[in-house]
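Feature list (source: TrEMBL):
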BINDING   Leu10, Gly11, Cys12, Gly13, Thr14, Val15, Gly16, Ser17  NADP(+) binding site
BINDING   Lys107  NADPH binding site
BINDING   Glu192  L-homoserine binding site
ACT_SITE  Lys207  active site, proton donor
DOMAIN    356-436  domain 'ACT'
Amino acid sequence: MTSPVRLALLGCGTVGSEVVRLLHGQAADLAARIGAPLEIAGIAVRRLGRDRGDLPVDPTLFTTDALGLIKRDDVDVVVEVVGGIEPARGWLVEALRAGKSVVTANKALLAEDGAALHDAAAEGGGDLYYEASVAGAIPLLRPLRESLHGDRINRVTGIVNGTTNFILSAMDATGAGFAEALEEATELGYAEADPTADVEGFDAAAKAAILASLAFHTRVGAADVHREGITEVTAADVASAKAMGCTIKLLCIAARGADAAGREAVSVRVHPAMIPLGHPLASVGDAFNAVFVEAEAAGPLMFYGRGAGGAPTASAVLGDVVAVSRNRLAGVRSPSESAYADLPVRPMGEALTRYHISLDVADRPGVLEAVAGVFARHDVSIATVRQGPAGGGAAGRGEDADLVIVTHVAPDAALAATVGELRGLDIVRSVASVLRVEGGL
Ligand code: NDP
Ligand code: HSE
């Protein structure tokens, strides 16, 4: 039998411990698929004394010296499931420069400084694989970076954060407010003790950067992504969406388009948006993820599955381990990063979006004209207007009225300026809700 492929496992928490279980449980099949057995050379952790239950692994393999483990001559592949920027970046750059292959689930690092990792991989000649970094178990990055390389991707729209999808789904199902739904998500173990990265959209923004880089052959980092979380989404917003036959989702959207000078560009954003119930992403509930890819020749493609959790994420990690191990045995590496297009990333203000705006206005002659005038001044075209008595009660000429306006597509800056001016009008008592709209309505 060929000599084993030796792995350094960095991290043995939620994902790492499941990687160990799969390596143990599937050892014979993995060896047959690769053509050589996989062997764990060592496992780097933070706390040697931590109780790791019945993990099927030799306890003497654990170490707190991650760098020492990476530098060992008998390590071929480094699997990083620790997370965070440092020390992970230093470890992986060291491993890649030394010619080792790296498998990582670290979306934060890839979005923050993917360039450093890709450059180090090119220098050392090893592979850099990161399927688990976006949408957990869903095979998504491999299709983008291999299967669709003969096509042209125009748009990627995804639900890539399970925690926020659970919260928004709960708000939609029960009418609960954000705080109440977050509490439920925490009790059920979906939300972490500090949910900031999820609810403020940082996690989804990192994933959006990775998806956009692969889809558009362009380096896109976390700083290029416009990010809004879900903390401001109210029960009233959800009710408003329902009244329109829609639901609210935290979307990551990466799209091609032209910039202000007419040059081809991309926009990458993460924000809550209303989508019609008939949209392929509308029925993605609970903590599931789904990504909708629109390609020129292939047309629409939908990827769906579990975006988080130890075993689902470990499945994606192991798939990468098999791929890089096969490459090492064959003496080849996968194609390097494809960033040749180098498209500019345009600012959010230039992204083309649609708004759903709910206003509480004075119910008297001339109000509609004044409101419509604000839209016209900002060159924003109105698609639909619906007016009813304030609070949705019985029809009649009260003092106030609810006015719900949905726009056609316009630059986000023009829509934001429209809302700003509406807020300043005397006849507008309050702007009850502003939501972007995606998909036909
Ligand atoms: P955990 O917090 O459960 O585990 C982290 C592991 O890293 C622990 O074993 C910890 O050691 C170890 N560790 C932390 N700091 C150090 C250090 N300085 N030196 C050595 N070891 C260290 O994280 P997860 O398993 O949840 O996540 C791992 C990665 O996978 C992250 O990048 C995350 O974003 C990504 N990911 C996670 C998903 C999930 O569902 N959990 C889904 C998709 C991606 P110790 O055990 O001693 O504490
Ligand atoms: N916190 C992430 C989520 C884990 O909720 O989707 C997977 O990256």
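Cβ coordinates are placed from backbone N, Cα and C, and glycine is handled just like the others.
Mapped onto this structure are the features recorded in TrEMBL.
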residue: Leu10; record: NADP(+) binding site; DSSP class: strand
residue: Val15; record: NADP(+) binding site; DSSP class: helix
residue: Lys107; record: NADPH binding site; DSSP class: helix
residue: Glu192; record: L-homoserine binding site; DSSP class: coil
residue: Lys207; record: active site, proton donor; DSSP class: helix
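Not one of the recorded positions listed as Ser17, Glu192, Lys207 brings a Cβ under 6 Å of any atom of ligand 1.
Summary of the NADP(+) site environment: with the site residues Leu10, Gly11, Cys12, Gly13, Thr14, Val15, Gly16, Ser17 set aside, the chain residues having Cβ atoms within 8 Å of the Cβ mean position are Leu9, Glu18, Val19, Val45, Val81, Val82.
Cα of the residue listed as 'L-homoserine binding site' to Cα of the residue listed as 'NADPH binding site': a span of 17 Å. Residue counts of the domain 'ACT' (356-436) by helix, strand and coil are 26 helix, 34 strand, 21 coil (DSSP-based). Sequence-distant contacts of Cys12 (NADP(+) binding site), defined by Cβ-Cβ distance under 8 angstroms and a gap of at least six in the same chain, are Val20, Ile43, Val45, Arg52, Leu55, Phe62, Val81. In this structure the C-alpha atoms belonging to Gly13 (NADP(+) binding site) and the residue listed as 'NADPH binding site' are separated by 16 Å. Counting only same-chain residues six or more apart in sequence, the Cβ atoms lying under 8 angstroms from the Cβ of Leu10 (NADP(+) binding site) belong to Gly16, Ile43, Ala44, Ala66, Leu69, Ile70, Val78, Val79, Glu80, Val81, Val82, Ala88, Trp91.
Other C-beta atoms found within 10 angstroms of the C-beta of the residue listed as 'L-homoserine binding site' number 13, with every protein chain shown included.
Across the fold, the C-alpha of Ser17 (NADP(+) binding site) and the C-alpha of Lys107 (NADPH binding site) stand 19 Å from each other.
Averaged across the domain 'ACT' (356-436), pLDDT for the predicted model comes to 90. Residue pair Gly11 (NADP(+) binding site) / Lys107 (NADPH binding site) shows a Cα separation of 15 Å.
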